[in-house]
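Trainee: Supplied in structure tokens, the structure appears directly below.
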Amino acid sequence: MCGIVGYIGSKQAQDVLLHGLSKLEYRGYDSAGIAIFENGGVSLKKSVGRLANLAELVDGPDRITGSQGIGHTRWATHGRPSDENAHPHQDGTGNFTIVHNGIIENYMQLREELTAKGHTFLSETDSEVVAHLLDDMWTGNFFDTVIAVSQRIHGAYALGIMTKHEPGKLIAVRKQSPLIIGLGEGENFIASDIPAILEYTRNVYILDDGEIAVLTADRVETFDLVGNPTTKEVYEVTWSASAAEKGGYEHFMLKEIHEQPRAIRDTLTGRISEDGQNVVFDEINWPAGFAEKIDRVHIVACGTSWHAGMVGKQAIERLTRIPVDCEVASEYRYRDPIVTENTLIIVITQSGETADTMAALREAKLQGSRVLAITNVVGSSAAREADDVIFTWAGPEISVASTKAYTTQLVSLYLFAGWLAQERKTPFVSEIPSILSGLQQLPELAAMALQTESEIESFAKNLADKENAFFIGRGLDYAVSLEGSLKLKEISYMHVEAYAAGELKHGTLALIVEDIPVIAVVTQESLYEKTLSNIKEVKARDAFVLAVAFEGDEEIQKSVDQVITIPRVDPFLAPVIAVIPLQLLSYYASVVRGNDVDNPRNLAKSVTVE
Ligand code: M6R
């Protein structure tokens, strides 16, 4: 995830910017750069790779001197990691220098328009268009020009901007991408995240969505996006520097669980047509006729990504009626699967580096199949080697236990299922507008599901002294149960299994004894009665049943020991919401058991060995 730092004051900006960027390294990045006002011009240095590469470029005699500048760590989105694509970016004249986090959705259109007017672009990024647009729309006043440009760019963005026309001033703009202003004595700062400026000040303004800040060394003024002044309260940061990296949360996992409303919104950004009727996937470039020719789909992945694939299978089958197999990559790669040029292979991998998944991808390509990767990491092996890529835009996931990667994979799969249905003009296309409207409600519903946290925390205290537990569900609820079970076992170290609820009586029921915790996921209306019968089977053996069910479900209240309610959502999309209390449950069970939540024993974030 990209990081922004800006400084204006009397210190050497190079030191402040490099220090600030180093404090954002934990977010993940692939290149870095700084731009500083020096001797009436702007000196700009950037480098692919680690921050140390950039530090070397500006060391000793190459040091940049000046006390106003902006810096950036880039996590590639549009365009591969490279020196050219690294930020800051400038327009052709070098009048404007910008750093940007987020996505400018209409950059292609703006780029074409500006190219036609004679602008030459040096990078593949969406961000560079902002610098050129500022130059093109220059009104003679920095602030007015930024307001005018912000009306023309669509998408999510946090911007740090400076111009040679008005040195001694920095402008910051926030739209759906976090940005804060650090308030010092005779110096002020811009940052995408608090750790970047904690060394210098604990007083900050947290910019609201659609706010602009104008900074000089002595003053900070804030405005809305049409230029009306806004008033801000100073927020005093009381957390330690290491807590600040976690956004004030105790662990990265909890932070990442809480990031899901934002992450889901980012996954959806730019992928639904303005009228809400269609899925847009500009990134998929299939040869003409391929969509119609596909006669089977293989989804291949590991762990949590495989569980996302189980939901994806049901989504694609329902909307396209193409048969879909979903298989773990370590099995798939060695079993000589039957694939043809009409088989679509979908690999799902957060890291884009998992050895088994990559082996399956390579094998499928050798067999002549077309491979679509769903991944979170731009520039990863999966992103480079697949024929087409859907990025999930979850942002870096640091905790080993995958949370926001899973929910954004689900959203990507729903979108893809809808898109494929559109491409094949299936009879189910008529359902797409309502599914898209449901998808757009998910960020808000995810935020509501997070409100189960304190209830879950107290349940986790009781659960944590047990050694065994079961998850049950049917249909999509079974897929979610598998993920809930994996999450709980990997960080609590309890023995946990998930079962298709109807399968219990074929053996596992023998393990159901008094007080054993059974967590039932009950969101699928069409399977409701059937799941209820299975719940009664375990209740009859005195299990302790916790149900995750929709609010207003009176029946379930009568049948189980405890209910965690989640907001109502189309059952087809319910996995995205139902998994959230299960993630919280694993988190708190792990905390109560005193485990290392973010780094569970024996596990690695990216499994690059077989
Ligand atoms: O990076 P990937 O999605 O390919 O990783 C696959 C699994 O190793 C991963 O999902 C793992 O199961 C999770 N860390 C579990 O939380």
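Residue numbering: from 1, along the chain as shown.
Quick reminder: no glycine exception, Cβ is built from N, Cα and C everywhere.
Caution: TrEMBL annotation is automatic and unverified by curators.
From a predicted model like this one, the values you see are computed outputs, not experimental measurements.
Residues or ranges marked as active site, nucleophile by TrEMBL: C2. If you look up TrEMBL, you'll see 2-218 marked as domain 'Glutamine amidotransferase type-2'. Residues or ranges marked as domain 'SIS' in TrEMBL: 286-426, 459-600. Sequence annotations record features per position, and here TrEMBL assigns active site, for Fru-6P isomerization activity to K605.
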Trainee: Mind giving me a neighbour count for K605 (active site, for Fru-6P isomerization activity)? Other Cβ atoms within 10 Å of its Cβ, every protein chain shown.
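Mentor: For K605 (active site, for Fru-6P isomerization activity), the count of other Cβ atoms within 10 Å is 16.
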Trainee: In angstrom units, rounded to an integer, how far apart are the Cα atoms of C2 (active site, nucleophile) and K605 (active site, for Fru-6P isomerization activity)?
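Mentor: Each residue's Cα considered, C2 (active site, nucleophile) and K605 (active site, for Fru-6P isomerization activity) end up 20 Å apart.
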Trainee: Can you tell me how the residues of the domain 'SIS' (459-600) break down into helix, strand and coil by DSSP?
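Mentor: Summed by class, the stretch gives 75 helix, 30 strand, 37 coil.
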Trainee: From the DSSP assignment alone, can you count helix, strand and coil residues within the domain 'SIS' (286-426)?
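Mentor: The domain 'SIS' (286-426) comes out at 64 helix, 28 strand, 49 coil.
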Trainee: In terms of DSSP three-state secondary structure, what is the assignment for C2 (active site, nucleophile)?
Mentor: coil
Trainee: Among all the protein chains here, how many other CB atoms are within 10 A of the CB of C2 (active site, nucleophile)?
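Mentor: Other Cβ atoms within 10 Å of C2 (active site, nucleophile): 26.
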Trainee: Through the lens of DSSP with three states only, how would you label the residue listed as 'active site, for Fru-6P isomerization activity'?
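Mentor: Once the DSSP labels are grouped into three classes, the residue listed as 'active site, for Fru-6P isomerization activity' ends up as coil.
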